[in-house]
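Engineer: I am attaching a structure below and will ask some questions about it afterwards.
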C-alpha cells in the first residue's frame, strides 16, 4: 500500500495567542512570526537532535533509540528468521467487502511467492492449540458467544482458526518494500481507514481510548511509509533498489506528529510483548526441525521478553489499566473493537498482493497487542486467561520487528533526509525579481 508516515521525535512548540487585543499589536505579531519560524526550524531540524520524552510514555527518545539499536533490533532480526516466525498463514484472495477491488499495482514485485506444501513446517498443518476448545460454542444466538473471548480475537476480522483459503508465505522471501501500488486505489484505503477511526470524533472531543487508536493507526501508517522509502525501486529496468530519502522526508520526517506516533506504536507493541512474557515463554515453538533450532528460538524469545535492559529503561511504558473506565467503558470498547475489525477487513480491499500480505500481518499484530493489553480491563466479572493463536504470535513479533526497523531507519537516515532536502531547497535558483 502506498503510505504516508509518521514524523520524528521532539515536539516543536507553537506560539499561541493571548487575546485578540494583543494580536492587533505589531509587537505581538512579530513575536508570533518569530515563534512560527522557530517551530518550523525545530520540526525540520536534524532528526538525530530530537530529544525529550516520548509522548504518553516515561521514556525519552535517546533511550529508546539506544535500546532499540543495542538490544531489541538484534534480537528481533534473529527471531524473525527462525522457522517458527518465518512462515505466516494468510488469506490473500478475499473479496473486498466495501467496494469493487479495482486497484492493481504494476510491478512484478507486487506478487507474493507462496510456499509449496513441502516447505513450511509439517506441524503448522495441524490446528493451533490455543482457541480450539468448544469451537462451536461461539456461534450467534448462543449465550457463550458474549463472554468466551478465548475463541476469537475480538479486535480482528479474519478467523485464525479457519484454514479455508489460507496459504503459507515465507516472509523472508517476500519483504515489505515499494511495489508501485499507488494512486486513487491506495489513497482510498487509507482515507477509509482514517474515516472509520476518527471522522465521528473531532480531535478536541476525542476520549483517551479513541486518541490511542488513532495514534496506533498513524504509527502503523508511518512505519509502512518508512519501509517503502528504505527499500525503493530506483530503476525498474535495471532492478536497482535503494533508499529514497526524498520520499522519507515527504511522508515522514516533515510531519513531527507521525514520528511521535511511530514511537508511540513501537512502545505500545513492546509493552504488549513484555506483558505477555510468561505466556510467550511457555508457548510451543516446535516446528519439527532440530532441537537445536527450537532451543535457539526459545532462548531468543526469553531474551526478548525478560530482558533486564528493556525493563530497566522504561519500567511502565503505558498504564493500560487507566483506560476503559466508568460505566461507558464496556460499550466504548465494543465500539472501538468494531472500528478496528472494519480496518482489519479493509486489508482485503488492497489491490496489491504483497501490500495485502504485510497489511494483514501488521494489522493482526496490532490487534494481538490490543487483545493482550486490553482484555480483562473492562468492568466485568469474567476475566479470561490469555489465549493466542500461533499466527497471532507470529504476526505480533514480526510487527514489532517492522516497527523496530522503522525506528532505526528514521533515527539513522532521518538527518540525511533532512539535509538532502534542505540542500536542494538552498540550491534552487531564485527567480529574477523582474519576472
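The backbone N, Cα and C atoms fix where each Cβ goes, glycine too.
Pulled the feature table from TrEMBL, pasting it below:
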- 352: active site, nucleophile (ACT_SITE)
- 355: active site (ACT_SITE)
- 177, 179, 190, 218, 221, 251: FAD binding site (BINDING)
- 105-110: disulfide bond (DISULFID)
- 352-355: disulfide bond (DISULFID)
Engineer: Between the recorded positions 110, 352, 355, which lies closest to residue 251 (FAD binding site), Cα to Cα?
Structural biologist: 355
Engineer: Whole-number Å distance between the CA of residue 355 (active site) and the CA of residue 110 (disulfide bond)?
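Structural biologist: Distance between the two Cα atoms comes out at 7 Å.
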Engineer: To the nearest whole angstrom, state the Cα distance for the pair residue 221 (FAD binding site) and the residue listed as 'active site, nucleophile'.
Structural biologist: 16
Engineer: Which Cβ among the binding-site residues (177, 221, 251) has the fewest C-beta neighbours inside 10 Å?
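Structural biologist: Ranked by other Cβ atoms within 10 Å, the binding-site residues 177, 221, 251 bottom out at 177.
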Engineer: Specify the count of other C-beta atoms within 10 Å of the C-beta of residue 110 (disulfide bond).
Structural biologist: 18
Engineer: Run through the Cβ atoms and count how many others sit within 10 Å of the one on residue 218 (FAD binding site).
Structural biologist: 25
Engineer: With residue 110 (disulfide bond) as the reference Cα, tell me which of the binding-site residues 177, 179, 190 is the closest one.
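Structural biologist: Spatially nearest to residue 110 (disulfide bond) by Cα position is 179.
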Engineer: Starting from residue 352 (active site, nucleophile), work out which of the binding-site residues listed here (177, 190, 218) have their Cα within 10 Å, and give them in sequence order.
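Structural biologist: So far as Cα distances go, none of the binding-site residues lies within 10 Å of residue 352 (active site, nucleophile).
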Engineer: For a quick check of packing: other C-beta atoms within 10 Å of the C-beta of residue 190 (FAD binding site), how many?
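Structural biologist: Its Cβ has 17 other Cβ atoms within 10 Å.
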Engineer: Across all the protein chains here, work out how many other Cβ atoms are within 10 Å of the Cβ of the residue listed as 'active site'.
Structural biologist: 28
Engineer: Max Cα distance spanning 177, 179, 190, 218, 221, 251 (FAD binders), Å?
Structural biologist: 21
